[in-house]
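J.: Structure below; questions to follow.
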Amino acid sequence: MLAYSLPSDISPSTYVNAASLVRIVALGLISAAAISSRLFAVINFESIIHEFDPWFNYRATKVLASEGFYEFWNWFDPTAWYPLGRVVGGTIYPGLMATSGVIYNLLHALNLPVDIRNICVLLAPGFSALTAWATYMFTKEMKDESAGLLAAAFIGIVPGYISRSVAGSYDNEAIAIFLLMFTFFAWIKALKTGSALFGTVAALFYFYMVAAWGGYAFITNMIPLHAFVLLLMGRYTSRLYVAYCSWYAIGTLSSMQVPFVGFQPVRTSEHMAALGIFGLLQIVAFAQLIRSHVSSKQFQDLLFVSVISAAGLGMAAMVLLTYKGWIAPWTGRFYSLWDTGYAKKYIPIIASVSEHQPTAWPSFFMDLHMLTFLFPFGVLALFRQLRDEHVFVIIYAVMGTYFAGVMVRLMLTLTPCVCVASAVGLSQLIDTFVDPREPDVEQEKEGGDAAPSKQAAKKEKNAAPITGVGAIDDIVSTLSGASSPEKDKSGKTKAGIFGLDTRMVVLFNTAAMLLFFVLHCTWVTSNAYSSPSVVLASTNPDGSQHIIDDFREAYYWLRMNTKEDAVVMSWWDYGYQIAGMADRVTLVDNNTWNNSTRLTAGCAAHIATVGKAMSSPEEIAYPILRKHDVNYVLVIFGGLIGYSGDDINKFLWMVRIAQGVWPDEIQEPNYFTPQGEYRVDDQASKAMRESLMYKMSYYRFAELFGGGQVMDRVRQQQLPKQSPTLDYLDEAFTSENWIVRIYQVKKEDSLGRDLKSANGFAQGKKRKRSKPPVKRRALA
Amino acid sequence: MFRIWRVLLLVLSLAILSYARSSTGSSVLVVLDPSLSKDNYSIFFKGLEEQGYELTFRAPKDVAPAIIQDGIASFAHVILFTPETKTYAKDITPQSLVDLLSQNTNVILALGSKQTPLTSLASEFSLILPPPGTPLISHFPERDTPATVIPIPVSSSSPALTSGLAPVWYSGIPFALGNNPLLVPFLNAPAESFAADTTEDSGADALVDAAEKGGEGLWAGKDMSVVTGFQTVDGGRVLFVGGVELFNDEFAKKEVTKGVRSGNAQFAREMAAWTFQESLVLRIDDSAHHKVNETEPRDKYTTNDRIVYTTHISKYNPATNAWEPFSGLTDVQLEFTMLDPHIRTALPPVPSKPGEYSVTFRVPDRHGVFKFVVDYKRKGWTHLHSSTTVPVVPPRHDEYPRFLSAAWPYYVGAISTSAGFVLFSVLWLAGDDRDQRKKKGVKAE
C-alpha cells in the first residue's frame, strides 16, 4: 500500500540520472550559499583582513608571494619578538600560506593579476565550499547521498563554522576544517574498502592538515582511538590493518617534514597513542596469523597472554621513556583540556585568551541552533546499525562535545560532527515520512491505533530535546522498522505511518525548522560573526551605521610618522596588527600562546617583561623600555566610547603574567582596593594608580570633560579630576575616539638626571633639597 | 696661473689658520656683568680672539643678542661672567642654559658666593654649593694675600691640562661634587682649605662643631672642587668655575713664588680649549662589519659566522682645524649585544692603519637581533657611541651538513631494507612456477 502514488513510467536510468543531476545542482547551490553567506563582512565593511592572527598570516603570505617558497621557509623575522627575532619558517604551519601562494601563482600564470590580499580574504569562503563537499562525501559513507546533501547544507551555513571562516578571517582554521573532513572521509573509505590507496590519500591529507593547523593532533588521536575501539569491539579486520598502517606510516613520515613539527610525532606524548595503536595492530595481526595456522587451545591461550603482555610491555616502555625525558610529557595546554582551572593556575598566558574559556550554554545554541537537539538524535540513529564508520562518528561526537564544552574555540571541531550526525538523523526522519509505503494492517498484531500514537510521541520528541531513554528506544525502533525497506521485505513490518496528513504535518514541521535554521544562521552571521574587529561599527541614533576606525588610523599614523626601525611596545594582542598594518618592530605578538610551550624560556620571560613594564611605576618601567630599545608604547583605551576590550580590562592578565616571573615585585592583590574591588577611580590602589598602564590610559583624560564629571564608560566609574602625569613618556598620538593611544619614550636626560626631576626643573620647580648633605666619610 | 693658485692657497690656509679652532664653531657670546670690567680680563679674551674666536659682549640685562633665538642657539659658545648678577634678561634662565647645552653649545659659567637665579642650575649638574657668603678660605701656605686668595697647585691628571703647570691663584667658592659620572673635575681645593663666612664669622661655631664630627656637612678639604667640567650625554660641555677672578689679568700676572708667574693664563686657556671642544674631541667616522674573507657587509649573519668589525676613530686637531685619524685609544671595547652583551671584546687599533680599530670574532650560537655597540666613555673625552643593528639568523635549510657520520646506522638500515625488499620481490616473482599453478588450482576450486 502506498500513501501517495509514484510515477511508474520512469526508467531506472532516468531516475539515476535525474537524481545525480539534482545532487550536483544541490551541491552547487550549497557551495554558493556557503560562499555568499560569508561575504557579509566584505559587503558590510570592506575587503580587509580580520582580527589578529590573520594579519600575521597575511604578512607571511605576502612574503611567500613576493620572495618565493625557499625564502619564506628560511624567513627570519627580526621585527617580531624584538630583539629575539622569530624564525618564522620553523615556527608556523605553512599550509595556509602555501595554499594562498599556489593559488596566487596559478592565477598569475593564467594572467589574472589578482591582488594577494583578495586571495587571502576570499580563501576561507572558497574553502567552505570544499568543506561542504567533503562533508557530503563523508556523510554519504555514513548513510546515503540525501544525508550527505543535508550535512553539506548544514556545514555550509552553520554559524559554528562560519565564525571562523568569514571572508577576511584568514586563519589556519579556514582550510583546516576542509582537510579534517576530507581526511576523515578518506580514512572511512580506506577502512571500508581496506584500500591502501585511500589510506595513502588519508595520509596525504593528514600531511596537508599537519602543515596547516596545530589542531591536527585531533586527527592524530581520533583515528587511533577509532581503531582501538574497533579492536576492543572485536572488529579487527585486515581492512583495518591495511587502512591504519598505510595511514600511520605515510602520514607520520610526511608530517615530520613540516619543520615546525619535526620529530614531535616520535617524541611527544600527544602522538604516542597513534604509535601505540600502530604497534598493537602489528601484534594483533601477528596473533591472528598465528592463530589461523595453529589450532591448539593451549597455544591460543598462550598467544592471547603474550599479546596482552607485549602490549603491556609497550605501554611500560613508553611510560619509562616519558619518565626519562625521551618523550616529552603532556603539555600544559593538554592538561588544561582536562582540568579547566589548570591554565588559570599555571599558565596565565593561555588562560588570558578569551577563546580558551569554557563554553557558555547559549553559545551552543547560537552556533548550532536546532542541530543542538538533532545531534543526539542523529548519534542514536547511528547506534542502530553501528557499522565501523558509525563508531567513528560516535567517538567523534563524544570527544568533540567534551572539548567544545572545555574551550570555546574547540566548538569548531565539534561543528562538522554535529552537522554529520544531525544530517543522518534528519535524513532518516525524512526518509521515514517521505516513504510512500504504508504498513500492512492485516499483519499488524497490535492493531492500527498503536502506530499513530507513536507518531505523536515522536513528533513531540523531535520538537523538544529528547528526555527519556524509553522514548529514545521507541524512536530508534520505529525508525529501524520503517526506513530500511530492503531489510523489511524479508522480515515483518511492525510499525509504519498511515495517510498523507501525518506525513505532511511532520514534514511541514521539519521544513519550518530548517527554514528557521537558515534564518538564524543568516542573522548570526550578519550580526555577530562578520565584524572584522579591526573596524568597529556602531549605530547612530537615526539607525545609520557609524564606523569607528581608530585602529587603522593609529597604525597608519605609526607607519607614516615613525622611523622604520622604531620599536613599538604593546600588549601582545596587537603585535600582529602593528607588524601587519604599521610595519613596525614589536616586542611581543600573538605568537605567545600559539606556541608558548615551544618557545624558549627567554620568550616566556619576554612577555612577562612587557607585563612588568605595563604594571610597574614609570621609574621602574623606564629602564626596561630603554633596555629593549622601545621607542613607542601603544595602549588601547575604551573609556571614552565604551569599548570594553581595552587594556585596562586586560590589565590583570599582564599583572598575573608578570607576577609569574617576578613574584617579589608584582603582586596581583596590590592592584585591588582593600575591599577586593578592581577600581580605577579615586579609590584605586596605589599600585594601580602608579602603574604605567593606568597612567597611559588616563593621561589627560580629565581635560576632555572640562572640569565636569570624569566618567569611564567601560567601567562606569568616576575618575579623579586630576589626570595622572607622565615624566618618562610623551604623548605622541591619540586616535579620534581615544581607543588607541601612542606614547613616545623619552631619551635619557642629557645631564644624567632622572627624567622626573629633569621635568620638574624644566617646569621651573625648585629642587626639593636645596642644600643636600655632603657625603663624606667620617674620620676614623 | 700658477702664481694665482699659490696666492689663493696661501689666503685659504691663512683663512683656515685664523678661523676658529673649536670643532663646533667660532662665535662666542660673553655675558659680562657691568661690575666687571672687560679690560680686567683682557689676557683671557685677547687670547681667545687671537685663536680666532669672534667675541660678542653683552650685559645680563641686555635683550640682544639673545642666546637662543626661536629655539635655536645663536652662538657656538657662551661665557657667563656674571657671578653675582641678580637679574637677567628673559632669555637667560637655568632652563634656557640647559637647553643650550642640549644643542651642543658650550658654556663657561662663573659662580659667586651670592645666591643668584643661576645658582639653582648647579644642583642640576650634581654640584653642591656651600651656603651663600662662604668663600673658600685657606691659611696655608703662608703668604701676603688675604685668606680668600689661595694658590692652588694643579694636580689634575686630566689630559686636557698640560702637566707641570704652575699653581693658580684662586678666589671664590668651592663646591662638593655629586656622584654624577658626567662630571670632570679639573681643579680641586687644597686639603687645608674650607668654606667659611669671612666677614661676620657667624658660622664659626658651626664650623668647629662640624670639624669635630669628622667633617660632616662641611665644605672642606681636597674633595672640594673649584673648577669642574661637565660633559652632557649629547656632547655639550660646560665649565663651572667657583670664582671669576681666576680669569682676570691681575691673577694671571701675579707671581706664585718669586720669579714664577702663576699658571692662571695657561690654565684658563686650556680650560676654555676643553670647554669649547678643542681638546679631547673624538668622533667615530664610520664603522663596518663583514664576514671573514669578504669585504661587503651582509644584511644578516648566520650563527657561528666569523665576522670582522672595523671602526675608524678621528680626533680633532685644533692646530690644523682638522679631524685626524687617531690610534691612541687602547681601551676601546666592542660589545655584541642582544639585551645583554653576548660578546665583549677589546677593539684594538690596527698598527699599520692610523685611526682604524678592528676585531674578528665568532658570532654566538644564538639567533636574534644583535647590535654592534661601541660605547667609549672616559672622563674629559668626547663620549663615543656607535650602535649597528644586525640580525643573526639560524642556518638556511640547505646550510646544514648533508651527511652525518652519526647517522650511519640509519643509512645502513634504510639501504639494507631497500635491498632486502628488492631481493624479496625478485625471489617472489622468480619463484617456483608449480607453486603458483597449485595456488591457482586451489582458487579455482
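Cβ coordinates are placed from backbone N, Cα and C, and glycine is handled just like the others.
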J.: From the ranges A:21-43, A:550-572, A:619-641, pick the one that TrEMBL records as transmembrane segment.
T.: A:21-43
J.: If you look at how TrEMBL annotates this chain, which of A:56-76, A:119-139, A:413-433 comes out as transmembrane segment?
T.: A:119-139
J.: Could you tell me which of the ranges A:364-383, A:684-703, A:724-743 is annotated in TrEMBL as transmembrane segment?
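T.: Of the candidate stretches, TrEMBL labels A:364-383 as transmembrane segment.
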J.: Quick one: which of A:87-107, A:528-548, A:591-611, A:654-674 does TrEMBL have down as transmembrane segment?
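T.: Residues A:87-107 are the ones TrEMBL records as transmembrane segment.
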J.: Does the transmembrane segment (A:174-190) make contact with the transmembrane segment (A:272-290) through 3 or more Cβ pairs under 8 Å, each pair 6 or more apart in sequence?
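T.: Output no: the transmembrane segment (A:174-190) is apart from the transmembrane segment (A:272-290).
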J.: Within the same chain, where does the transmembrane segment (A:87-107) have neighbours whose Cβ lies under 8 angstroms from its own Cβ atoms, ignoring anything closer than 6 residues to its ends? I mean 6 or more beyond.
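T.: Counting only partners 6 or more residues beyond its ends, the transmembrane segment (A:87-107) has Cβ contacts under 8 Å with 57, 60-61, 64-65, 69, 72-77, 80, 113-114, 116, 119-120, 123, 170-172, 174-176, 179, 208-214, 258-260, 591, 595, 598.
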J.: Give me the DSSP three-state residue breakdown of the domain 'STT3/PglB/AglB core' (A:565-593), ordered helix, strand, coil.
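T.: Output for the domain 'STT3/PglB/AglB core' (A:565-593) reads 14 helix, 5 strand, 10 coil.
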J.: Averaged across the domain 'STT3/PglB/AglB core' (A:565-593), what pLDDT does the model get? Just tell me the whole number, please.
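T.: Here the mean pLDDT over the domain 'STT3/PglB/AglB core' (A:565-593) amounts to 86.
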